[in-house]
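Engineer: Pasting a structure here, questions to come.
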Amino acid sequence: MHTRAIYPGTFDPITNGHADLIERAAKLFKHVVIGIAANPSKQPRFTLEERVELVNRVTAHLDNVEVVGFSGLLVDFAKEQKASVLVRGLRAVSDFEYEFQLANMNRRLSPDLESVFLTPAEENSFISSTLVKEVALHGGDVNQFVHSEVATALAAKLKLAKP
């Protein structure tokens, strides 16, 4: 079966938790599209282009992974990409309710699109982009939570943002 999956997110920035789920999805599906959302309701530190570039760098070793920026409804993006599966990560029980609602909405909008939930490796279960940015903003070392290129880009971004 030729299964194309989409792993959508803001990835601001991509963390080791994201990378772990991407690697595992790449083993499960023939082709994985990392859909990086423009998402106007969030105010990302990195531009869409920067996020696409960082995710490309982190996933360059995965031959069946493609990185694409998008805006608009996820179900429309999935149709454009001819994907039949959405991959979502669940870090904790607290993520489940939101993801459950989202999966049901996506199913209502696109009945043929299945949601598959993956849980992170234990060492990544607490990592979020928000926490990584917060640690970096206060001068903490984020190298254990993100790829080295992401840590460098984040440090440069925060240095530019300081008054």
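Residue numbers in this text run from 1 along the chain shown.
Backbone N, Cα and C define each Cβ position, glycine as well.
Pulled from Swiss-Prot, these are the listed features:
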BINDING   Thr10, Lys42, Leu74, Arg88  substrate binding site
BINDING   Thr10, Phe11, His18, Gly89, Leu90, Arg91, Glu99, Asn124, Ser125, Phe126, Ile127, Ser128, Ser129, Thr130  ATP binding site
SITE      His18  site 'Transition state stabilizer'
Engineer: Please report the three-state DSSP label of Arg88 (substrate binding site).
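Structural biologist: Where Arg88 (substrate binding site) sits, the three-state DSSP reduction gives strand.
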Engineer: Quick check for the class: what is the C-alpha distance, in angstrom and rounded, between Thr10 (substrate binding site) and His18 (ATP binding site)?
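Structural biologist: About 11 Å separate the Cα atoms of these two residues.
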Engineer: Helix, strand or coil at Ser129 (ATP binding site), per DSSP?
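Structural biologist: Going by the DSSP assignment, Ser129 (ATP binding site) falls within a helical segment, counted as helix.
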Engineer: Looking only at C-alpha atoms, tell me how far Lys42 (substrate binding site) is from Ser129 (ATP binding site), rounded to the nearest Å.
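Structural biologist: About 13 Å separate the Cα atoms of these two residues.
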Engineer: Would you mind listing, in sequence order, the residues at least six apart from Ser125 (ATP binding site) in the same chain with a Cβ closer than 8 Å to its Cβ?
Structural biologist: Gly17, Arg91, Ala92, Thr119
Engineer: Which residue among the binding-site residues Leu74, Leu90, Ile127 has the fewest other Cβ atoms within 10 Å of its Cβ, if you could check?
Structural biologist: Leu90
Engineer: Go through His18, Lys42, Arg88, our binding-site residues, and report the one whose Cβ sees the most other Cβ atoms within 10 Å.
Structural biologist: His18
Engineer: Calculate the distance in Å between the alpha carbons (Cα) of Leu74 (substrate binding site) and Glu99 (ATP binding site), and round it to a whole number.
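Structural biologist: Cα-Cα distance, Leu74 (substrate binding site) to Glu99 (ATP binding site): 14 Å.
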Engineer: Would you kindly give the Cα-Cα distance separating Arg88 (substrate binding site) and Ile127 (ATP binding site), rounded to the nearest Å?
Structural biologist: 15
